[in-house]
């Protein structure tokens, strides 16, 4: 099957596929319509010459390379493409003699498919060799990083730095060139992010090594902390480089990124459970411990973390952990209620406390078992991935020693571990059967090699068979590991709501549990938010969570009994939909308030830690103050991370922002203990310049990361809501200050005034970011003016607060302070108003009917229609434009003979134009009728401004019936999104609706419904045309959008569409060559279908996201823009 994960491969395969599509159509015309196939001798001869050149250059490459895998994998690809070319030549010769020959048509279609598949195999094999070159450089850096452990002198450090620099530069250059070549945006982003992290960590590594060498050589205190800093940095850089190596080897969408994240999440949950257990047990043992104190909160946190772990499990494990959490939560509520009534020492309460204590131990054991299983399966999977390269190298080398056999045995051992942990017997048996086959084949190959027959045809065939079996075994183990994990809901709130809504609308359809998983995720986040709230607010949010939980369970129960469409189910679905809206609104309100509180000041704790670390050695209580501030800093960092995660989970962020928040939270958790270690080194070595510089490096890295986190959190929540919450919080702080003055409490006053100043500065930061993000001059001026006014009010308030604190009983000073506080409130209100959307100016009301009267004059007659005029003819469609082969840029490394030969094949395919003049002329001379309109560009003659919104053709897509065809399901998903809006005056919506209909048609064609090869190929072309229209219009909207962030999001989404639509055309051609053929294996046909399905789903999703981003961008369109789109909801949101 063709793969096109690089731009070069895609650009070569596209014209080849385009011409093969014409051969497919010719074949079908001859087979179905009985038409003669024109003489193809000339174009086939040109392709034969290009293929021969490609093979010749490939063989020369094989002879000169030292890459054993390339030497092994190239020859089969040569044979494949040469055989296909031979069939094409044979077909051309037979058709020249008999244009109606049936065997010739068979050779034509099989040869066409083989040319495309064989060329793809050649390019992929060569590309894999290029990737191995990059990986070798990466592994060289990995090995050199371990040398950091033996650097103990400054001379060694200087040498190490000089040697590391060039290698890092080379790796960075190769990674940058590679990411530009990739077609998958996700892979590009992963490579860039990991490489940027490595670059950022390089100065940290040098700093950590320097302080280690300094402390060791001077025998100073803090050598253990220095060692931790160095080892942490080495491990972090190694992990990122290993991630680069993993991503480099991906040729399809990455579906395995969950493994390390889930393992980390479970370990973090277990660590937190362990840290809170003593506090929780202490509260349970003390019958007089009050409800709601730290001990009860510890129990809630344990249950919360265990619930997170349970959500990462599947099947029986999941049910047991979540069920235990729920039961213990209810028992804790009952115990708290008994103690609140003064009955904590009664036998019933004591028994309840003991049961909860035992239940916590049982719950912890279940989470530990789940974590061990996940880690074991993940480790085995990763071990197989690491060992398979060495095994393949051994198989490729006819003279390889026994060490390669050990690698194969190691792979089999890890696969056996996965099989033992499988819950599904069929999967387990399948893996074990593969292990038996590989063992027998490997023993046979080893025997041949021991007898000096390793280079014999039999041994080579065995090696190839084992290599294929190992790849299949890896796929089976990967699938088995993935199947032990639960279905994943979307990572952001809107995605979860959409998934939940789809299930609520159609609970009888099998969505693999995604909809219910989304609802569970929303409820879990709601309960996590409730845990940090107090009093009636907590109970209110928990009640909303319970309500959603109950309704979802009732609907699922009815669906399981086959009553998902009953009136009772419809009523419950409506209630569930309303309850979800209520829960979402309450969650976002609670989250915004928490962000306003926790992120009002992000850097003061680390600054106080720096002051404590640099305090003179004779400062009283120096150690105690440092430890207190270090603990405060760690708690503060933990709160920031937890709040940021909540903002990501229930905010309005898109997937990119959510993943960005998660990455910064992870970095903050890793960096925080390293900052404390660096501070402790400085504390124990006062005046040490190296220690000071190292602490500053770590501190600045932590601050930069938190600033990035803060910006992403601000993106994730509505700015207006954040400003409202901040304004309300300032009012409460001002009220506290009034109470403090009334009670003569200067410390309380200072705390309140400090909080007001921090919140005001936070508002200034938010406003500044929004000004930088906008290109709307009016908005920028309004926000900047309001921000400047607010900025001027903060210092006077602080000065007045200090004056009152010095003489708190002075009424005049109190009045001055309150006036300053009210001025800040007024300025904050003006900033908020600057973000308020302008209300439209409504026209004046119509006059009273009493004052209206009708005249006796008749309306003027209707003008006559023009006579004798004929509408102008429709202009001819534009010629298909072939993609140019990407020009080689100066300094690029892709100048190998292999690529030059591929370029020649590309050029030959282009010469064989989509409407070949020679073929048409020869056909015309032979009296053959060729319909040129078959290849005409599709024309959408119905402009969107006159399109009827009823759109009866959409009724072809049943929306309330179970859909088990993934392409049709993807089309319906886009269709639902597009039909929210009227297509009148909105070409993006019109094009999206056409794409949905075309994709529904493709679903029928791919699954063997009505239609033929030509219809499938034409359908893919039509989809590509509509895709180009969506992309063009989206870029026009982006160009006029004044919001930089929204514009970037829109461009990132829509730029994926052309690549995916091009791939759709190629895959449709491949699938068309298989329709109706009996010499195609079921496995090969299914593989082609799976690739086409995956591509179609990605295209529909990208267009759907483009529609959403375009609507958001249209709100921020330039007022003087000539380009406008009407966004009119068919069903308003308030209905």
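Note: Cβ is positioned from N, Cα and C throughout, glycine not excepted.
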Candidate set 100, 144, residue annotated phosphotyrosine in Swiss-Prot: 100
By the DSSP assignment reduced to helix, strand and coil, which category contains residue 822 (phosphotyrosine)? helix
Spatial separation of residue 537 (phosphotyrosine) from residue 100 (phosphotyrosine) - C-alpha basis, Å: 81
Please work out the mean pLDDT for the residues of the region 'C-terminal tail' (879-1135). 68
For residue 822 (phosphotyrosine) and residue 537 (phosphotyrosine), what Cα-Cα distance in Å is obtained after rounding to a whole number? 28
Can you count the other CB atoms that lie within 10 A of the CB of residue 537 (phosphotyrosine)? 15
Helix, strand, coil: count each for the residues of the repeat '2' (370-479), based on DSSP. 95 helix, 0 strand, 15 coil
DSSP puts the residues of the region 'Talin-interaction' (168-208) at 38 helix, 1 strand, 2 coil
In DSSP terms, the region 'Facilitates phospholipid membrane insertion' (1004-1047) comprises 35 helix, 2 strand, 7 coil
